[in-house]
Structures are given as structure tokens and as C-alpha cells.
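Q: Here's a structure for you.
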Amino acid sequence: MTRKQRRLFMIFGALGTLGVAVGLILFALSDNIVFFYGPTELAEKAPHPGARLRIGGLVKPGSLEREAGQTVHFIVTDNKHDVAVTYTGLLPDLFREGQGVVTEGTLTGKETLRADSVLAKHDERYMPREVADALKKQGVWQEDGQAKPATQGAAAPLIR
């Protein structure tokens, strides 16, 4: 084997190994990738049932229903489309109708989600950036309202 052939063999071998490694990493992470949707986006381009995703919006007033045990049904809305959510577990203390929420779970129907986790906004000025962006995109964002998007990566002020 000449020097040039050996060098080409090493380069193609390294590229092949790198390709296999990237493929294995993507395969391993495919179960952890979760896409974020607003109710209108979900209605327009719904993924297949069984897909894992996050849905953000507001809890529709009057939609909260509690069953025996810890099962809760509610509707997440962006004031254009609604998504029915079923969650079994303890809701966050700040979970209320009319408040911002992000739910993560499995799509069981076109507009039905079985949630594994529910995140509620934590104070009167905070709303997850994804929810705020989705509400702005739908034209229902109120700039003078109390819902302000979180700044990503912003540090909390130091108290001395």
C-alpha cells in the first residue's frame, strides 16, 4: 500500500467511524427529543398519535374537572384552538384556570394529550418563552398584561 492509499484509507475509516457514532447518538437521543406546540399549531400540523410533545397555552376557564383519585381533565387553549389534557398526579400549587401552563406527554388523539408532567407559571409576571412566543404568534399576547416572557439564561439578582 502506498502512502497516499494509506492516508485515504485512514481518512475514510475515520469518517465512517464518525458517521456511525453520530448515528448511534441520534438514535439514543430520539426518545428524549420533545417538540413544543401551541394548540393552533397542533391543529394545523398534528403529529401522529403516540408522539411525545409539549403543549403550552392557558388553562381554559371552566374546563377543570377532577375525578376520584388524582386524575384531572382540563383544556389548554390559545383562544383559537383547544387541546384536552388528562393528567394523573399532583398539580402544581399555582395551577389555576386562566393561567399559563406547559404540559408534556403523549398525544392520544388529534387534540387530546395524556400528560406526564404539568408546569404552571410561577408568579404573576412569568410565562415560559415558548408559551409567550406561541401566544404572540397567534395574536393574543397582551403587552400591557401581566404575562411577560422569561429571559432565557438570565441570572437572578444577587441580594446582599
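Note that Cβ sites are derived from N, Cα and C of the backbone, with glycine treated the same way.
Taken from Swiss-Prot, the feature topological domain 'Cytoplasmic' covers 1-7, and the record attributes it to sequence analysis. According to Swiss-Prot, the feature transmembrane segment maps to 8-28. What Swiss-Prot records for 29-160 is topological domain 'Periplasmic', and it gives sequence analysis as the kind of evidence. Per Swiss-Prot, heme binding site is recorded for His122, Tyr126. Marked as region 'Disordered' by Swiss-Prot: 140-160.
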Q: How many helix, strand and coil residues does the topological domain 'Cytoplasmic' (1-7) contain under DSSP?
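A: Grouping H, G, I as helix and E, B as strand yields 5 helix, 0 strand, 2 coil.
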Q: Using a Cβ cut-off under 8 Å, which residues of the same chain at least 6 positions beyond either end of the topological domain 'Cytoplasmic' (1-7) come close to it?
A: none
